[in-house]
Ligand SMILES: Cc1ncc(COP(=O)(O)O)c(C=O)c1O
Ligand code: FES
């Protein structure tokens, strides 16, 4: 059902855990199935220097969190904000169509963490793009 | 690397066909392949084989051979029982009573019947998954034509008070159907003493072949034909008989019922030991279903703070086949309707695991599976935000 890449990230999740003194924290719930993802970021000079996640969800959700955190580590906040769930799906070599929404959760979690950071810095939060792909009719990436 | 070992604990999904059953089926493919409806000798022996299988199925449930009709499995038997009686009794009324925890073969058939103008009542169940007699009594009206309550539930293993329901329905002159797909070979069944009018069974759940089943229809019950065509199955279910499958079904049910006491006491014993180990060694988990009125091989347990599909993936990696009622693994993203009906909160239903043991499981399997579950649950909890919160709250 899942690609080897998904299984690899599921079996050996990267960046799992918590950053106690995080600069930004995002927590999102999956509207489809009720699962929860939490993203912690550490920011220095506009760069995400560290990122960790906690996920209560399916294999695809855990693998997506792992991959998404890998993709934004070392990136600028702008670059991390631009990372879409599609990029996560591609990096995972595809997700079954019913599981694309789990990768959307990772994108949303990162956006929340970045905005939490911005608010704590006294900056205004960034707006979600109109037409933000909420995944369901997206290609599966396969 | 994925494990070389395999431990199958999903016997409620299906079972391996018993090699003896396969042997019994083989001659009916290429050697004795005659169509039972033809008149030459090659056909005659197929007819005899079907009659013998029919007698075996009848004996297994305390019926008479002419009350057994072969079908393609549990789903067809359920569809036929409901649709066939609904339409043939609609002169009397249009009300059908079933339960909230039936298999989709019943529930989706009821949705279809609702579109055809029938009224359906879905009885609730108690926290253990049992129907309450007072709810059933209260639901019956003078338009009620059929009550359909499963013998044993496929997810939580709860056994329903079938005898009581049968007695009540007989007194009230209402037809009683039971989906006994999970019960055959696990629970003693007698359609006569239990006042059952219609009963569905399926071969692949008791080490018989897939795509085989039967519907018991008590003599004298009016029911519409289901498949229209030739004169097979007394014109009630047309189509050239699946002779090898029917022979296999007969061989499997004979063996399942003959060995039932021995087999179920051994499986129940293994199940109890596995359950005991899980409940004592893993914190924050709870058993779903009934403590005693339960299928011998069934465990259904919820582990807090984790999700079931990811648990199944880790177990699969260790070579263990099991199942879950989690929304994430359902395709529809809906949690199990059975766990919802017994009042399990959605987030806890997420962490449900069903293990269903069968004849080939061993003592070693119990040790291996309990260790692997423990490891998998720990691993997933270490990733879970809910578990992190729980630990913080505790400290
Ligand atoms: C309770 C119950 N009813 C009906 C069915 C359907 O049986 P079959 O797979 O033979 O169509 C099943 C099997 O999944 C079942 O567990
Ligand atoms: S988190 Fe529920 S389906 Fe992926």
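One-based numbering along the chain as shown.
Backbone N, Cα and C atoms are what each Cβ position is placed from, and that goes for glycine too.
Remember, predicted model here, so these are calculated numbers, not experimental data.
Annotation comment: TrEMBL describes B:7-368 as domain 'Aminotransferase class V'.
With a 10 A radius on its CB, residue B:75 (pyridoxal 5'-phosphate binding site) counts 20 other CB atoms from all the protein chains. What TrEMBL records for B:74, B:75, B:154, B:182, B:202, B:203, B:204, B:240 is pyridoxal 5'-phosphate binding site.
According to TrEMBL, the feature [2Fe-2S] cluster binding site maps to B:328. In sequence order, B:307, B:308, B:309, B:310, B:350 make up the list of same-chain residues 6 or more apart from residue B:328 ([2Fe-2S] cluster binding site) whose Cβ falls under 8 Å from its Cβ.
According to DSSP, residue B:328 ([2Fe-2S] cluster binding site) is assigned to a helical segment. The active site, cysteine persulfide intermediate annotation in TrEMBL covers B:328.
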Protein Cβ atoms within 10 Å of residue B:154 (pyridoxal 5'-phosphate binding site), excluding its own: 25
Of B:74, B:182, B:202, B:203, B:204, chain A-adjacent binding-site residues (C-beta under 8 angstroms): none
Greatest C-beta neighbour count within 10 angstroms, which of the binding-site residues B:74, B:182, B:202, B:203, B:204: B:203
Whole-number mean of pLDDT values that fall within the domain 'Aminotransferase class V' (B:7-368): 97
Among B:74, B:154, B:202, B:204, B:240, the binding-site residues whose C-beta sits under 6 Å from ligand 2: none
Cβ contacts of residue B:240 (pyridoxal 5'-phosphate binding site) (under 8 Å, same chain, 6 or more positions away): B:35, B:36, B:37, B:230, B:232
